[in-house]
Structure formats: C-alpha cells, structure tokens
Ligand SMILES: O=C(O)[C@H](O)COP(=O)(O)O
C-alpha cells in the first residue's frame, strides 16, 4: 500500500506577474492564477486524486488556489488546516523589489545566491518597512519570532516539524493536498527526494500544476519519482521560473 501526497504551488500572483520578490507579502492571484488553480483541480479529478484533507499556508494566494482547485475537483468540503510553517520563504529586504532591477544592481552571482543558495539569506527587512510582517496579527502567536529574512535552510527547519506532526498523521488516512509556495515546496521536496544542499539550488517549482508523490506507507518516503499531472506544461513553467529576473 502507498499513500498519496499532492503538492500544489499557488497560481500566478500579482507580484509574480510584476516580477517582484514576494515572500510573506500577502498578494492575491491574477486571473491567470485563478485559472491555474481551477485547472489544477480539474487535473486532480481527471487523475482520480481526490484529497481527504488540504493543508495551506496563511497566505491568500495559496489559500485561494486551494479553494479554486478543490471546487473544480468537487472536494470543496474537505477539512482544511493552515500553518505559517507552509508560508513562502521570507525574502527579507528583497520583499517588494523588482527581480530584474536587483539582478542589474547586484549582478547575476549575488542575485542567484539570494534566490537559490541553500544557506545565504537576503539582508533582513526592517520592522518599519511597508512590506514587514513584524506586526501582522496572524503571526501574533508564533512560538518563534516573525522572520525578518530566511534562507532555504531556515524554511526546512520550520517546515519539517509541521510535516511530521500534522501532515504525516493525515497521510495515514488518505490523499493529502498541500497548497503552498515555490520555496516552501522546494524545502519539502528536498526532504522527500533526499536532495543535497547543492542539488536543491537548481530545483524550480511551477505555479498551479499538481505534483503527485506516491509514498511508502511505513516510511512515507517516495516509492518512485514524483510526477507532475501535466508534465509538458510543467517543463515550460519550470524553465520560466528559473529564468525570472533575466
Ligand atoms: O516569493 C517570491 O518572490 C516567489 O514566490 C518565489 O520567488 P523565487 O522563485 O524568486 O524564489
């Protein structure tokens, strides 16, 4: 027996469209993003992958993508659980900045270190910055303090406790959908696929295309390579994410 886990990055957001670093800034989906969410749900239905429970971040773009896709799959009624631990990586002082402008100002090398290196965070975001989450009520009860910046290693450290404690028990009871973000999903894929710190640098996750994992029922590790439910669309979209800011 195996357990099914489906990972879904939110559809295109306003700031994806504008090519801005987003992180914890709570931007909405574009119309394209809404259509991607719906299409994601249709793919779930076509593949008979009907989730019993959905986990999302606390950010609107992931929450709405989950709702749109579950509605399209006629699973709008399933239980939902949310955690800040599934949020996008906090992008520090880069939040709200244009990706191409940052690349032009700091150069390719620094841009890619901030964007994809495993353990180098961008500079921290000041608490009085308009894009800070330091006083956001939804994070008032965090056990740790609200991040001012994060590298991918920080995301792995805050995401895995949630995976073990909240997602693993649900995986033992049926198909689980996680609607989250490019970098929080990179952190989870790193764990599931056993990617090295070096290998995760070149991993990119497309928006709105469900990624299916079949997991061993005991170890809850993949029994085979994960599959995008629309592989051709995924390949093109992965390429586009990798080239953002160029
Ligand atoms: O937070 C962001 O800007 C994006 O959702 C992810 O961006 P990245 O692909 O540049 O890490």
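A Cβ is built for glycine as well, from the same backbone N, Cα and C atoms used for every other residue.
Just so you know, TrEMBL annotations are computer predictions that nobody has curated.
Quick look at what TrEMBL lists:
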type: BINDING; residues: 9-16, 22-23, 61, 88-91, 99, 115-116, 182-183; note: substrate binding site
type: ACT_SITE; residues: 10; note: active site, tele-phosphohistidine intermediate
type: ACT_SITE; residues: 88; note: active site, proton donor/acceptor
type: SITE; residues: 181; note: site 'Transition state stabilizer'
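With respect to ligand 1, the recorded positions 9, 12, 23, 88 contribute 23, 88 as residues with a C-beta closer than 6 angstroms to one of its atoms, given in sequence order. Cα to Cα, residue 88 (active site, proton donor/acceptor) and residue 99 (substrate binding site) are separated by 16 Å.
The Cβ of residue 9 (substrate binding site) lies under 8 Å from the Cβ of 65, 180, 181, 182, 185, 205, 206, 207, 208, 209, each of which sits 6+ residues away along the same chain. On the backbone, the CA of residue 89 (substrate binding site) and the CA of residue 10 (active site, tele-phosphohistidine intermediate) stand 14 Å apart. Of the recorded positions 10, 181, 10 has the largest number of other Cβ atoms within 10 Å of its own Cβ. In this structure the alpha carbons, written CA, of residue 23 (substrate binding site) and the residue listed as 'active site, tele-phosphohistidine intermediate' are 13 Å apart. Take the recorded positions 12, 88: by the count of other Cβ atoms within 10 Å of each Cβ, the lowest one is 12.
Non-local contacts of residue 15 (substrate binding site) by the CB criterion (under 8 A, 6+ apart in sequence, same chain) comprise 21, 22, 25, 27.
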